[in-house]
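Q: Annotations per TrEMBL:
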- Lys207: active site, schiff-base intermediate with substrate (ACT_SITE)
- Lys260: active site, schiff-base intermediate with substrate (ACT_SITE)
- Arg217, Arg228: 5-aminolevulinate 1 binding site (BINDING)
- Glu245: Mg(2+) binding site (BINDING)
- Ser286, Tyr325: 5-aminolevulinate 2 binding site (BINDING)
- 1-21: region 'Disordered' (REGION)
Amino acid sequence: MTAPGSSPAGGGAPVVRPRRLRSTPAMRRLVTDVRLHPNDLVLPLFVKEGLREPQPIASMPGVVQHSRSSLVAVAREAVAAGVGGLMLFGVPERRDALGSGGDDPDGILNVALRDVREAVGDETVLMSDLCLDEFTDHGHCGVLDAAGRVDNDATLERYASMALAQAAAGAHLLGPSGMMDGQVGHLRAVLDAGGRSDVGLLAYAVKYASAFYGPFRDAVDSQLSGDRRTYQQDPAANVAEALREVRLDLAEGADLVMVKPGLPYLDVVRAVADVADVPVAAYQVSGEYAMVEFAAAAGAVDRERAAMESMLALRRAGAQVVLTYWALEAAQHWLG
Ligand code: PBG
């Protein structure tokens with residue numbers, strides 16, 4: 001008997017030759033089923049109150065904290081390059097226990113949303129991080145109770161007020177990233193009651209307490225001591241927990257669901273994509289970006305190829321939308 005895939009003529013020569021479909025660039029292009037397009041990519045951007053010039057972020061080579069004017073300039077560039085969306089994070093000058101800068105219409109994030117929306121209108125999708133950690137002096141994603149624990153339901157009230165402020169400032173999609181129970185439903189109800197049923201929710205449905213957020217803490221000058229393990233998910237927990245979070249967010253009215261981080265959680269991205277009937281986003285976080293940048297700077301990997309491969313992996317796992325710090329460079333130079 002001849003072994004499957006071997007020539008009946010014997011000699012072990014294979015009949016089935018997968019390499020034929022890899023033989024030329026044209027052949028490989030023809031059979032490609034995962035593609036990246038600038039429209040799939042969302043560029044996260046940091047804007048810091050009081051800055052006159054953009055400031056480099058040491059742990060994220062190539063990424064900066066923007067001033068208000070450099071933010072508008074980069075937003076225009078991103079629109080010209082066809083980038084699908086912008087996700088804004090604000091870094092305030094002053095912080096307090098309640099994160100008052102978050103819902104202050106004159107707080108840096110809301111001011112920056114207004115600047116960008118005025119500059120680019122509906123030409124791209126403007127998104128805002130909806131979380132308190134950038135605005136609180138203790139660095140947690142919510143407000144604390146008398147015992148110093150993150151108070152879920154009191155935090156929802158703070159998020160509601162932020163949501164209305166961000167909607168008024170011009171965000172198309174709000175990104176609640178604090179992992180409080182019930183946040184999506186609460187925000188949907190508050191937006192609808194406030195006459196803002198037009199504003200959508202990009203739910204951070206599945207968000208792990210990850211070491212890969214390390215450089216982000218620099219990017220937002222984070223004040224956090226301790227960790228976020230009472231609200232973000234345990235990396236060692238089962239996928240069922242992730243799917244439960246997704247089901248809840250869908251039932252509460254999420255317009256998109258996101259998994260974060262990306263590359264270490266490709267299995268979760270796939271599992272979510274298999275069940276979600278809304279678009280799935282994956283956030284390639286600061287540490288994923290830094291890992292490739294520093295490895296490339298050390299000559300260990302080819303920067304562009306490693307970056308592209310990691311973004312493609314997220315698309316292949318089922319993410320339609322990829323949040324990545326390479327969005328602009330990829331749109332301008334790598335995707336043709
Ligand atoms: C919370 C938030 C974080 C990130 C996005 N939104 C930090 C955290 O949860 O600790 C991380 C993004 C990144 O690392 O690139 N506001």
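Keep in mind that glycine also has a Cβ here, set from the backbone N, Cα and C atoms.
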Q: Counting distance between Cα atoms, which of the recorded positions Arg228, Glu245, Lys260, Ser286 is nearest Lys207 (active site, schiff-base intermediate with substrate)?
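A: Comparing Cα positions, the candidate nearest Lys207 (active site, schiff-base intermediate with substrate) turns out to be Lys260.
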Q: Do you know which of the binding-site residues Arg217, Glu245, Ser286, Tyr325 end up with C-beta under 6 Å from ligand 1?
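A: The qualifying binding-site residues are Ser286.
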Q: For Ser286 (5-aminolevulinate 2 binding site), which of the listed recorded positions (Arg217, Arg228, Glu245, Lys260) have their CA atom within 10 A of its CA?
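A: The recorded positions close to Ser286 (5-aminolevulinate 2 binding site) (Cα within 10 Å), listed in sequence order, are Arg217.
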Q: What's the CA-CA gap between Arg217 (5-aminolevulinate 1 binding site) and Tyr325 (5-aminolevulinate 2 binding site) in angstrom, rounded?
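A: For Arg217 (5-aminolevulinate 1 binding site) versus Tyr325 (5-aminolevulinate 2 binding site), the Cα atoms are 15 Å apart.
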Q: Does DSSP give Ser286 (5-aminolevulinate 2 binding site) helix, strand or coil?
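A: The three-state answer is helix.
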Q: Compute the C-alpha separation of Tyr325 (5-aminolevulinate 2 binding site) from Arg228 (5-aminolevulinate 1 binding site), stating it in Å without decimals.
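A: Arg228 (5-aminolevulinate 1 binding site) has its Cα 23 Å from the Cα of Tyr325 (5-aminolevulinate 2 binding site).
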Q: According to DSSP, does Tyr325 (5-aminolevulinate 2 binding site) sit in a helix, a strand, or coil?
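A: The three-state answer is coil.
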Q: Roughly how many Å separate the Cα of Lys260 (active site, schiff-base intermediate with substrate) from that of Arg228 (5-aminolevulinate 1 binding site), to the nearest whole number?
A: 14
Q: These are the recorded positions: Lys207, Arg217. Which one scores highest on other Cβ atoms within 10 Å?
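A: Compared across Lys207, Arg217, the most Cβ atoms within 10 Å surround Lys207.
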Q: What is the number of other Cβ atoms found within 10 Å of the Cβ of Lys260 (active site, schiff-base intermediate with substrate)?
A: 24
Q: What residues, ordered by sequence, lie under 8 A Cβ-to-Cβ from Glu245 (Mg(2+) binding site) and sit at least six positions away in the same chain?
A: Ala205, Val206, Gln233
Q: Look at each of the binding-site residues, Arg228, Ser286, Tyr325, and point out the one with the fewest other Cβ atoms around it within 10 Å.
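A: Ranked by other Cβ atoms within 10 Å, the binding-site residues Arg228, Ser286, Tyr325 bottom out at Arg228.
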